[in-house]
Amino acid sequence: MTNGKVRIYELSKELNLDNKELLAICDQLSIAVKSHSSTISESEAENIRTAAEKLAATNVSAKKELGTTSHKPNSPPNGGRNRPAAPHKQQILEIRKPKILRNTTSNAPEASVANNTQAALSEANPPSPPRPFATPASPMKPAAPTRPVPRTQSETQEQPPVTDLEQTPNPSQAPEKVASQKPEKVVPPRPKSEKPQKPQLVAPPARPAAEVAQAEVAQVSDEPVSQADKPILKRDQRLRPVEGDREQIKPRVAKLPTDQSPQSAPQRQARPTPAPTRPEQRGNRPSAPSQLGEGQRPRPARPGESVAAAMPIATPPRQMSGIAGKSQGLGDEPVTPDLLDLKRPSPPRPTKGGKKWVEEEIIDEVKEKAKAGVKGKRIKPILDDEFEEDLLDDDDIDSPATVQVSLSIARPPKPKATRPVQMPGASLASAPTARGSRKPGSKSGSNRDHHNNRRQQEADTKRDRPEKVTITGPLTVQELSDVLAVPDTEIVKILFLKGMAVSITQNLDIPTITLVGKELEIEVETVEREAEARKITEMVGAEDQEYLHRRPPVVTIMGHVDHGKTTLLDSIRKTKVAAGEAGGITQHIGAYHVDVVHEGKPQQIVFLDTPGHEAFTAMRARGARVTDIAVLVVAADDGVRPQTIEAISHAQAAGVPIVVAINKIDKEGAQPERVKQELTQYGLTAEDWGGETIMVPVSAIRGENLDTLLEMILLVAEVGELSANPDRTAKGTVIEAHLDKAKGAVATLLIQNGTLHVGDILVAGSAFGKVRAMVDDRGKRVDIASPSFAVEVLGLSDVPAAGDEFEVFQNEKEARSLASDRADRQRLSRLLQGRVTLTTLSAQAQEGELKELNLILKGDVQGSVEAIVGALKQIPQNEVQIRMLLATAGEITETDIDLAAASNAVIIGFNTTFASGARQAADEAGVDVREYNVIYKLLEDIQDALEGLLEPELVEEPLGQTEVRAVFPVGRGAVAGCYVQSGKLVRNCKVRVRRGGKVIYEGVLDSLKRMKEDAREVNAGYECGVGMDKFNDWVEGDIIESYQMVTKRRTLTLTR
């Protein structure tokens, strides 16, 4: 304390109080303080000390009265709060004096469960009025069981003795009240439950002795136990003998129309009434036991249940009204004759005699005779299921229908000619055929045959449909229909119902395919697609092990586009291949030989140069599959790019060692260390960084470090111990293939094992041929091609596919048969892919005119055609589709022109030429022929053509914004005096009037004037008058937004 000032926290220590309590005392004394560190004067501190002492004294006295323990810090505030609590105690004491708890003794155990005595006594206040026994008891009773719901059964069992204690004032009402108060839902049906109680006692004696005992138990616990469980148990026990004793039911049903006395009715009406009563009992289970606790109505419920199900099935629609009336009044007597009418039309079903070929008059007589035995044969319709809608109109067809079942069993071995039009119906009728087969066979044999055929077709489709399919990736709707053996329209329908509108040629992803399979109950298993670069067959077999010799390594140069792969190969070969490539990019696989002197010995390396463009993925994978070593070229100034990553994955999938050539180190922005860092993310760590990957910085243009690169390649080849058997017939892979107008089919073959000679008979894929000539990479003719050499082969009958494996055969007949078998398989698969079915045509007709672009693609080599077709598949084809009529290697011929003219197609030529007379034929037929030598340009033009087929979309283009500053009444309407804030206002443009941020009108600007003269448009910064025919409710401050609708060409985005 200094200068007569005291801090709050010092005072709290002195008084042994909390800061909060001291601040509360300051508030009571109106002493202005902000926090515990505030200072007060000595006089104010003295006042606080006095108040604190008084507060402590009152606190002690309050503790003595209450006898409760509390913490010292909280005592002052609690003491203040306990003062108003005293009157509460007095009220509680006053409540105890009258002791009105006699009627509420049942509540006492529940109330005593509460922990706090004060709360329990306060809860006892409401039961004081329960003497009237009406209003307070009902809120009080349900409140207790709502907490422990499962205890309701035990509580109801404990309650009867309680009610016995309370029965002195009202012996008859007390048990009903206790029972009704527990479940509130039972209260409304009380009047109904009282009526059947009288017949209750009459019915059980008519039943077996076991039922009498159960009925007595039911009577004892009938009124207090109003739950849904016990009456249901009684009902089940009584139902069992009733089901077994069906003969007893039948005569009672017959008595019903005659005996309709109100007292005996409840017991006998139970037979016909189950149809309406059953739904009501099931609908509100809690109330049903109170009504039917006696066991009278539920007793025939089980047999009646099936009768109820059969009644609407076997009767015409008019009987539905009878059922509706029945459901409205449960015990109404006039409804029972309706039920008899309901039963009468159905007996023809049991009258099964051999009368199906008799005329209608005789059938009517049979029906009349059958009416006498309606009740006896009422059980037969139980066989019918709940398919009411299938059999609602089966009045006259019943007797032939039963014989139809036997015919359907006999006929399937003799199917009639199938009708394709009925196929969709077969799939739709899959579920009801077995049950609904009685309905179609009405009067003519043709109907029966039709349905037999339908069932036969359905059985065939079910047999063909697989239970489990395996997919490796996305499929088109058409491909998926082949895999699942269902019509493609069925798949489109399933997806449409799921909210996805798809076309026949649209690609479906794996989750969507799984969804379709789930709907069709076909298990779809997804298997990871095998890497294209994986080596499928081992060229060197066990029989070659004794004759192996060292062979040159096959090295594939891979990497991103424009990273210098071909330039690097040029520098090694001392040639200019890159200059000859169109657009400066490689679009083929090139195979080249390089002679290298290593350790004083001449050695050879075979290089395969692969394209880096993304469209040539298959080519890169093919290169990795046949290679021994992969040289990954990465530009030092560009780093790792998408195709670099893809090349790494191809090489790793093929299991070949990777040598990294970091190119363009002579450029200014070169960062070889950054390239090494990026490559470590893909498992390639440089040797100088402690890894195993050889990385050589090179400059292709200057020729730096090329010798080091070649030396490293030969070292890796030595470690791999590459060998082959040169003394056997040749085996290998087709690197590239094309059709030459002078030479015919030409294929570049890489021999991986054995030796190829001129005159050998070989099969490459589906192409058969005899080697007429071989040319090496420098254009020289050779007679022998040893392992690891790449040569161009002439003499094949057809152009093989790039990536096919070839093999030399000694027997020409064997080779021809193998080639023809493969050709047949390819032709069949091609037909399946390109087929146009009636279902697809009908689907296209439903969608409207389907826009499609017909293309004929001719390329120089098979690999380029494959790459272009793969790239075109990436273009989305939801609204516009590409229809590839022909895609092959070779020059453009007159046959291609004729096909294009007939199908209105565009011919795309890629690095190819015209055959003689083809160009003139194209001009005469008006066929559009486009020639390309760079794949970029080809893909761009095709995408532009597809976008041109799309309907242009209307886009809103804003023109300006105008503010209304004055309103002038003119005649009946009004004119807005406006100021153009931005843009411009154009007459007859579309406008939107906003007021307070909300659009109040949209329309057309009819009148625009400036200085009392009509104006075509008014620019920003000028004033004008605006008038509209349909809008005159102008207010100053309104904003007019002007805009116009313009057509915009739609674009397609390439899917990845």
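Glycine residues also receive a Cβ, built from the backbone N, Cα and C atoms like all the rest.
Small disclaimer: the values here were computed from a predicted structure and weren't measured.
The region 'Disordered' annotation in Swiss-Prot covers 60-88 (among others).
The feature region 'Disordered' is assigned by Swiss-Prot to 109-359 (among others).
Look at Swiss-Prot and you will find 208-220 (among others) tagged as compositional bias 'Low complexity'.
Per Swiss-Prot, compositional bias 'Low complexity' is recorded for 260-272 (among others).
If you look up Swiss-Prot, you'll see 406-472 (among others) marked as region 'Disordered'.
The domain 'tr-type G' feature in Swiss-Prot is assigned to 550-723.
Annotation source Swiss-Prot lists region 'G1' at 559-566.
Every protein chain considered, the tally of other Cβ atoms within 10 Å of the Cβ of I665 (GTP binding site) stands at 20. What Swiss-Prot records for 559-566, 609-613, 663-666 is GTP binding site, and it gives sequence analysis as the kind of evidence.
Residues or ranges marked as region 'G2' in Swiss-Prot: 584-588.
What Swiss-Prot records for 609-612 is region 'G3', and it gives similarity to another entry as the kind of evidence.
Here the region 'G4' (663-666) has long-range neighbours at 563-564, 568, 633-638, 672, 697-702, 704, meaning same-chain residues at least 6 beyond its ends whose C-beta is under 8 angstroms from one of its own. Sequence annotations record features per position, and here Swiss-Prot assigns region 'G4' to 663-666 based on similarity to another entry.
Shown for the region 'G1' (559-566): DSSP residue counts in helix, strand and coil, namely 2 helix, 1 strand, 5 coil.
Within 10 Å of the Cβ of D562 (GTP binding site) there are 15 other Cβ atoms, across all protein chains.
When other Cβ atoms within 10 Å of the Cβ of K565 (GTP binding site) are tallied across all protein chains shown, the result is 29.
Summarising the environment of G559 (GTP binding site), the number of other Cβ atoms within 10 Å of its Cβ, over all protein chains shown, is 28. Summarised by DSSP class, the composition of the region 'G4' (663-666) is 0 helix, 1 strand, 3 coil.
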